[in-house]
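Some features that Swiss-Prot has for this protein:
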type	residues	note
ACT_SITE	E111	active site, nucleophile
ACT_SITE	E131	active site, proton acceptor
Amino acid sequence: MSESLHLTRNGSILEITLDRPKANAIDAKTSFEMGEVFLNFRDDPQLRVAIITGAGEKFFSAGWDLKAAAEGEAPDADFGPGGFAGLTEIFNLDKPVIAAVNGYAFGGGFELALAADFIVCADNASFALPEAKLGIVPDSGGVLRLPKILPPAIVNEMVMTGRRMGAEEALRWGVVNRVVSQAELMDNARELAQQLVNSAPLAIAALKEIYRTTSEMPVEEAYRYIRSGVLKHYPSVLHSEDAIEGPLAFAEKRDPVWKGR
């Protein structure tokens, strides 16, 4: 792995630290490497949760590396199989990802965080999509994912003017899950990751699958869809060993031992 990415395995939790001075900006090469990391995480049966963060205390990521852009890297360059930053276009990742946002998350950096399932941010974090001021658009998920979270008026202001949103405002709008001090950020993200590990892996996979496939459906149609047998994880979890283990462990007043089958 390159010097730009530091990987740490803590049991079933993978920590990924983006380290590209000065702003943790991402060029196509780094994006490819991040994609390899996330795809390996997806396919590794021993890993359950990933945490992505940035090195330092100022930048989570400034997004696309404008120095690379100035040197000829195109906005529509090939950023790898996972899309920009390796995660924004992985649509079959049924394991949770936590973005531990340690500072500015601008442009593609914000889009990377939005592609995660949870955002825990430091109180000095700030979020923005300034692409329109650079003559481009936030097409690595920002213009697609943010409208699913925020009202149109707020989205329009952010994507058309590049307005920044601070940590507390992001919490009020439900963009982030938690706001903590910089010193507590990684411990808090790890605590959340462990809570996820404590849940059954097949259940987590089924939940992500259901969210992904039914989010645009009316409730009645979604009911029919999930019961039609076309989903991979949902039918499996209903007849799994874990579905037996959970109630049994509860009755026996012990922690469940998940097998993922």
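Positions of Cβ are set from backbone N, Cα and C atoms, glycine also.
Quick caveat, the model's predicted, so the values are computed rather than measured.
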For E111 (active site, nucleophile), name the DSSP secondary structure in the helix/strand/coil scheme.
helix
Where does E131 (active site, proton acceptor) sit in the DSSP three-state scheme?
helix
